[in-house]
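What follows is a short report on a single structure.
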Amino acid sequence: MSATLLGILPANPTPAKSNQAAKLSYHAPTQRIAYAQGRTVVLRSLAASSPAPTEAPAGPRFLQPGTQLYAQHAHPVTVARFSPSGYYCASADMSGLVRIWDVLNLTSGAGGEAVLKLEHRALAGPVRDIAWDAEGKRLIAVGEGRDSFGAVFLLDSGSSAGTIEGHSKPINAVALNTARPFRAITAADDAQLAWYTGAPYKLARTLADAHTRFVHTVAFSPSGMYALSAGSDSRLVLLDGKSGDILASDLSGASGGAHMGTVYAVAFHPSSDETFISAGADSTLKVWRLSGASASLQSSLSLKIPGAERGDDQLVAACFAGPDRVVVQSGNGQLTLVHLSSSSPSNSNTSSSGNHRIEAIYAPTKSITALHAGGSMLYGASFDGKVVAWDLSHGVDNLLQGGSVSCTPLVGAISGAALAPAVMGLALSCSAMGHGELLSVGLDDALKRIPLASAAGTGTAHGSAVALSGQPKALAAPTATPNGPAYIATPDGFDVVDVSSSRKVHSQPAPSAPSAIAVHPHGTLVALGCEDGKVRMYAASPSGAGIAVKELPHATLANGRSAITALAFDPSGSLLAAGESNGKIIVYDVSAVSGSGTAQATVKILHWVFHTARINDIKWSPDGDAAVSGSLDTNVYIWSVSKPAKNIAIKNAHAGGVNAVAWLDDARIATAGADACARIYSVKRHP
C-alpha cells in the first residue's frame with residue numbers, strides 16, 4: 001500500500017509589491033524558470049510549451065526536468081536564481097537570508113528537501129536580487145538593510161569577496177558580466193548606478209546622472225560588451241560593459257522614453273549583444289535591435305489583462321526562455337510566454353499578435369482553498385478569488401519528465417476580476433442535462449454558479465450571485481440528485497439555496513457555531529459539524545417551491561472531542577466521516593438514520609487518529625472503501641474501511657498545510673494547500 005507522486009501543478013509567482021520589480025531566472029538545459037511563491041521556490045518546467053529547437057537537450061545529470069518545489073525558507077522568498085551550471089539555485093527571503101541548494105537532489109516532498117550548500121545572512125532586510133558570477137563561485141545579494149544594501153560572498157565558505165557601496169537607498173537590482181575581467185553593476189532607489197570591478201569586487205565609480213528616478217533593472221549582454229539599465233524615468237540607458245561609460249542616455253530616442261511609465265525589466269538575447277527586450281508598467285513588451293548608440297524598436301506587444309485592477313497587468317519581470325521565447329510576469333502574478341517565432345505550436349490559451357504567439361499560463365497565486373474532481377477535470381479555488389480547471393485527460397503521467405497539464409481559468413484570470421475576495425468552497429451540482437454547474441462560496445457572503453459548457457468542464461462564465469445569511473464556512477451539494485439544492489454553513493446555522501432558480505429557500509439556525517457541512521448523495525440527510533464537537537443531523541425533503549428541513553435530535557453525533565472541521569458522506573450515503581480540529585477522524589454508520597423514525601447512528605471506525613492538527617478536508621473514493629484526508633499538519637492520509645488499521649501516509653505533502661483533497665478515480669488522488677500548488681498521486685491500496 002503506497003502513494004507515488006505523479007506530478008505537481010505549480011502556482012504562479014507571488015503578486016509583486018507596488019512599484020517593485022520581480023525576478024525570473026531561466027535554465028536552458030532543463031527549460032525551467034525559477035521564481036518565488038510565498039515561502040516556496042518554484043522550478044517550473046516550460047519544456048511542454050514548444051521548446052526552441054536550438055536549445056541544448058537535457059544533459060545526463062539533469063534526470064528530472066519536471067516542475068519541482070523548494071520550501072525550506074522560514075520567511076517569504078523574494079528572489080531565486082539558477083547558478084551558471086544549473087546544479088545549484090540561490091534563493092533569498094524577506095529576512096535577508098540566502099540559501100544555496102543542490103537542484104539535482106531536490107526531493108518531491110512539500111519541503112522540497114535538498115542538500116544545502118550554503119546558508120548566509122547577507123542583509124538585515126529583504127533581498128531584492130541575486131547574481132552569480134560566470135564561474136559560479138561568487139554571488140552578490142542586494143536589497144534593504146541597516147548598515148549595507150549589498151553583500152558579496154563566496155559559494156564555498158560565505159566569506160566576503162568584496163564590498164557593495166555607493167548607494168544611499170535600497171538596491172533593486174544587480175548584474176555581473178560573463179567573462180574576465182569581472183564587472184558588476186547595481187541599481188537603486190537613489191536613482192544611481194554603481195559600477196564595480198573584481199574580483200574581489202570594489203566600487204569603481206558611481207553614475208549619478210544616468211537616471212532621474214528609481215532604477216529597477218540592469219543587465220549585461222552575453223559577451224559583456226554592453227550593460228543596460230532602466231527604471232521609473234522610462235529611459236533605457238546603455239553603458240560600455242568594460243568601463244561603465246554611458247554610451248546612450250536613452251536608447252529609445254522617444255521624448256517620453258521607451259515606455260509610458262516605469263520600465264521594470266530588461267534582458268539581452270542569450271546569444272546576441274544586439275537584441276534585447278524591455279517590459280514596463282504600460283503592460284507592453286518591446287523587442288529592440290541595438291545599433292551603435294541607438295536602438296530600433298522591432299516589435300511591441302500589449303499584454304493587458306481586460307478588466308484588471310490598477311497595477312495587476314503591469315509587466316514586472318521578463319527574461320528570455322530560449323532564443324525564441326520570452327516569459328513575462330504581470331503584477332498579479334500571471335505568467336505569459338511570448339513565442340517570437342510564429343511557427344510555435346498553439347493551444348487553447350494561445351493568441352497571436354503579428355508574427356508572435358502569446359501563451360497565457362494560468363494558475364493560482366495564493367493558497368488553494370478547495371478542490372473538486374469531475375470527469376477528467378480537476379477544479380481548484382484559491383484565496384485570490386479565482387477558480388481554475390486542470391484538464392487531466394492527458395499529460396499527467398509525464399509531469400515529472402517536463403510534461404504539463406492544461407490549466408484554464410473559469411473565472412478571475414481571464415477577466416482580471418476575482419470571483420470573490422476569497423473562494424472558500426466548491427461543489428459540483430449535477431444536472432438532468434448531463435453537464436452540471438460548479439458552485440462556489442466566498443468571503444463576499446454569496447453563492448455563485450459557474451456553468452460548465454460540456455462534460456469536459458470548460459465553462460468560463462458565472463451566473464447571478466445568491467446572497468447568504470453570513471460568511472460561508474463550508475459548502476455541500478448532493479452528488480446523485482440532478483438540480484439538487486446547495487447547503488452552506490454560516491456562522492448561525494446553514495442556508496439552503498435552490499440552484500436552478502438561484503434563490504435562497506431556507507435558513508436553518510443551529511445551537512452552536514457551524515464549522516463543516518455535508519449532504520447525503522441523494523439529498524435526504526444533512527450533517528452539520530459544530531464548534532462544540534457535535535454533528536447535528538437534519539432530514540431534508542422538497543416542500544412546494546422550497547426545501548423542508550427537520551432537525552433529528554435523536555441522531556446527533558456527540559463523540560467528538562473538539563470542533564468538527566470536515567465532514568463527508570461516502571458514495572452510498574451509509575457512512576459519514578467527521579474530522580476534528582485535534583486531528584482525529586471518526587466514521588459513523590448512518591444508514592439507519594432518516595426523517596421518519598428514531599434510529600441512531602453508530603460508531604464504525606475510531607482508528608483514524610494519526611493526524612496531529614486540524615483536519616481541513618475529507619473525501620471518499622468512488623468505490624467507497626477508502627477515504628483521503630488533508631490536515632494543517634502538512635500530511636495526507638489515505639484510510640481503508642475494510643482494513644481500518646491500515647493507512648497510507650504522505651508526509652509533508654504541502655508546506656503550510658493541506659487545505660483540500662480529491663479523488664480523481666479509485667487509483668489517483670489530488671491534494672492542494674497553502675503553497676498554492678496541487679499534486680497528483682497514484683495510490684496502490686492494500687489487497
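Cβ atoms are placed via backbone N, Cα and C, with glycine included.
Within the chain, the repeat 'WD' (70-103) has long-range Cβ neighbours (under 8 A, six or more residues past its boundaries) at 14, 23, 25-27, 29-30, 34-41, 43, 61-62, 110-132, 134-136, 139, 141, 143-145, 155, 655, 675. Annotation comment: TrEMBL describes 70-103 (among others) as repeat 'WD'.
Looking only at the repeat 'WD' (208-249), the predicted model's pLDDT averages out at 96. Per TrEMBL, the feature repeat 'WD' maps to 208-249 (among others).
Under the heading repeat 'WD', TrEMBL lists 256-298 (among others).
The repeat 'WD' annotation in TrEMBL covers 557-591 (among others). Residue counts of the repeat 'WD' (557-591) by helix, strand and coil are 0 helix, 18 strand, 17 coil (DSSP-based).
Remote same-chain partners of the repeat 'WD' (611-642), defined as residues 6 or more beyond its termini with a Cβ less than 8 Å from a stretch Cβ, comprise 1, 3, 110, 371, 565-572, 575, 577, 579-585, 587, 604-605, 648-663, 665-666, 669, 671, 673, 683, 685-686. Under the heading repeat 'WD', TrEMBL lists 611-642 (among others).
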